[in-house]
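K.L.:
Could you have a look at this structure, given as structure tokens, before my questions?
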């Protein structure tokens, strides 16, 4: 068969498998690629190839993740699977592999377990809004009522963490049976059902270019006779020459200006879009009124804040993190986008200290405001070395 050309015509969605250890996340990943390979939508990836996930470094944290890709009739998917529980925690908090939706794998024989709960909680904290459930190992359960019971438990658990449990698609099957009976349409039907549920239930994410414009300021310089230029990489949205923008962060007040010119690689552009590295010429802004760490953004789209609650993973000693615990009132630097800001932390009630390797919710108060929104990632640093990684879960003020 001639190789098909990769078509960009299909919308792209990032998903991943989550759930308790040994409930069959990796087996399911292998089963999906195997079934879709027969339709020409993937190359079959064996369990062992997925399980020996390569180590990746994301912000200095070692995470094992496996990436596979496949497509259905409607979409192209990038799918991430992590071998160990700690890898999931790190992956979800650092956003190393962004997930637009997740497949929660629960063993029908065992029902929800501690990590099932923990992964649902993490998904809700880090902004994974859509979950589709696969009840695996159904071949090990003789009584259909038991499967219904597990289904009810899973729906209740999803409701508990703010997901619409009653409306969540749940597909029942056995990933191992699929792998052992690849040519038996009856046995592989559960994968077709799962992919249909994912196609219809997890919406196509809004592309970065459709979101409101935002660019973190990396550097500032003056062009004699023309004015002040801010450089940086456009994080989201589109900027046109003549657009009004706000300058936000590092001080309480927000200043407004107009972008009078855009340059990229010394060429003049009419518009810049997400992903472009640009210089933006700003009308009426003095060199000392703008600094690294601020952002340029569409007016009204983002606001500066000092207080927030974050979900944080604290690096282990082996990952280059601290060797000792920290306590209430700890004052490290919080690195948002392009700059460090000092902040003090408040631990949850009943938590005396935080050990390297822990993940925890903490309340933070920064000394200067930063342009922030929920789900924004940050690093915690001490003297320039990363000791933690986090995501903003709620903004306090």
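Quick reminder: no glycine exception, Cβ is built from N, Cα and C everywhere.
Sequence annotations record features per position, and here Swiss-Prot assigns GTP binding site to 19-26, 81-85, 136-139 based on sequence analysis. Per Swiss-Prot, Mg(2+) binding site is recorded for 26. Here Swiss-Prot flags 10-206 as domain 'tr-type G'. Positions annotated as region 'G1' by Swiss-Prot: 19-26. For 60-64, the entry in Swiss-Prot reads region 'G2'. Residues annotated as region 'G3' in Swiss-Prot, with similarity to another entry given as evidence: 81-84. Here Swiss-Prot flags 136-139 as region 'G4', drawing on similarity to another entry.
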K.L.:
What is the total of other Cβ atoms whose distance to the Cβ of residue 19 (GTP binding site) is within 10 Å?
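P.N.:
Counting Cβ neighbours of residue 19 (GTP binding site) within 10 Å gives 27.
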K.L.:
Calculate the distance in Å between the alpha carbons (Cα) of residue 138 (GTP binding site) and residue 26 (Mg(2+) binding site), and round it to a whole number.
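P.N.:
Distance between the two Cα atoms comes out at 16 Å.
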K.L.:
Using a 10 Å radius around each Cβ and all protein chains in view, which of these binding-site residues has the most neighbours: 82, 138?
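P.N.:
Selected residue: 82.
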K.L.:
Mind telling me which of the binding-site residues 25, 85 has the densest Cβ neighbourhood, counting other Cβ atoms within 10 Å?
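P.N.:
Within the set of binding-site residues, the most crowded position is 25.
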K.L.:
Between residue 82 (GTP binding site) and residue 26 (Mg(2+) binding site), what is the CA-CA distance rounded to a whole number of Å?
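P.N.:
The Cα atom of residue 82 (GTP binding site) is 8 Å away from the Cα atom of residue 26 (Mg(2+) binding site).
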K.L.:
Sort out the sequence-distant neighbours of residue 26 (Mg(2+) binding site) for me: same chain, 6+ apart, CB within less than 8 Å of its CB, listed by position.
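P.N.:
The list for residue 26 (Mg(2+) binding site) reads 17, 47, 50, 51, 66, 81, 83, given in order along the sequence.
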